[in-house]
Structures are given as C-alpha cells and as structure tokens.
Amino acid sequence: MVLSAADKTNVKGVFSKIGGHAEEYGAETLERMFIAYPQTKTYFPHFDLQHGSAQIKAHGKKVAAALVEAVNHIDDIAGALSKLSDLHAQKLRVDPVNFKFLGHCFLVVVAIHHPAALTPEVHASLDKFMCAVGAVLTAKYR
C-alpha cells in the first residue's frame, strides 16, 4: 500500500492530535477488539481481559509505541517494524486478519476522541496507513 504525500501529512496530523493519549488509545483499541472480535482473545489466554486491566494497558502501550514508530518512519514502515513482523510471523503466529480488526478498532477509537479531525480524507489516509502496517506485520508469513 503506497501512501501519498497527502496521506502521510494526514496520518502525522492525526498522531499529533493523539499526542500523550497514545497508550490510553492503544489499550482502548485492544479492549474494543476483544469485545467486537472475541476470537482475538485466543492469543492472550494469560491476560486479565477486564476493562482497565494492567495487562491490557501494558500491551496497549506496546501497540501504541509500534504505531508511533511506524508514523515516525512513515517512509520505511517495513524497516521500522521488521523485528515486530518477525515476532508475529515466526513466534506468535497471529492470524493476519487480526491486524485488520485492530486497525478498524483503532479508527473507531480515533473517531470517538477526535471526531472533527477524522474527515473523510483523513479517515481514508489513516485506513491506508493501518493497512500498510498490517501488510508489513504479515509480510513475513510466507
């Protein structure tokens, strides 16, 4: 998925608004994903999946950090997330569809907290970005 210059600007703009809330939004994204797509819980059998659990917050922080890393290296997402791609493909063996679920839930969280920022154009750019992140994380499955 190729991000245009406008897409990159839109994505960076959204993440600048997210600012210090990235970890909170990461946890909220996971909670939403576990409720909307309960099959995703199978990868977290050892987690307390209750609202506000320390484990969800900690993993949400990791998710947020990976997304921020991807934004910071938006011209080389594959390089920025290479180790994470290896982990998910070779060790964790996460079903690739789960990255789509995560991306969708992240878009919902952004829409809830920043409805004015999520214009149709920004929505499309953020969706393309999340698809690009998902593609990178599943690229080494082959």
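Glycine is treated like the rest: Cβ placed from N, Cα and C.
According to Swiss-Prot, the domain 'Globin' annotation covers 2-142.
Positions annotated as O2 binding site by Swiss-Prot, on the basis of sequence analysis: His59. A helical conformation is recorded for His59 (O2 binding site) in the three-state DSSP classification. Every protein chain considered, the tally of other Cβ atoms within 10 Å of the Cβ of His59 (O2 binding site) stands at 16.
If you look up Swiss-Prot, you'll see His88 marked as heme b binding site, on the strength of sequence analysis.
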